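K.L.:
Taken from TrEMBL, the feature domain 'Plant heme peroxidase family profile' applies to 1-90. Positions annotated as heme b binding site by TrEMBL: 4. As annotated by TrEMBL, Ca(2+) binding site applies to 5, 55, 63. Positions annotated as disulfide bond by TrEMBL: 11-43.
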C-alpha cells in the first residue's frame, strides 16, 4: 500500500465503489459519504479519461497521509479499505 501515497488513478479504476458497488446502483459503505460526493463531482459515470489524486494534497510525496485517509474511510481503492477489516493491520 505504500505506493498508493504517490500518483493518480483514472476514475474507471474505482468507479464501481462510487456508483455501483454491489451492482445495484449503490456506494461502497466503507467510504466516507463526503468523499464519495467529491469523487462523484470529478468522475461522472462512464468516465475513462479523468484522473484523481490518490493522496490528495501530497500525491507527489512519500508520506503517511494516505494511511490516515484510509483510516478516515477515504482510501481510493477497495484493497486499501480492506485493511480496516483486519484489526491486526490497523
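Quick reminder: no glycine exception, Cβ is built from N, Cα and C everywhere.
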K.L.:
Would you count the other CB atoms within 10 A of the CB of residue 11 (disulfide bond), including those on all shown protein chains?
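P.N.:
Total other Cβ atoms inside 10 Å, all chains included: 21.
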K.L.:
Counting across all protein chains shown, how many other Cβ atoms sit within 10 Å of the Cβ of residue 55 (Ca(2+) binding site)?
P.N.:
25
K.L.:
Just to confirm: which same-chain residues, 6+ apart in sequence, have a Cβ under 8 Å from the Cβ of residue 43 (disulfide bond)?
P.N.:
11, 14, 15, 18, 50, 52
K.L.:
Please give the average pLDDT for the domain 'Plant heme peroxidase family profile' (1-90) in this predicted model.
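P.N.:
Across the residues of the domain 'Plant heme peroxidase family profile' (1-90) the model's pLDDT averages 84 on the 0 to 100 scale.
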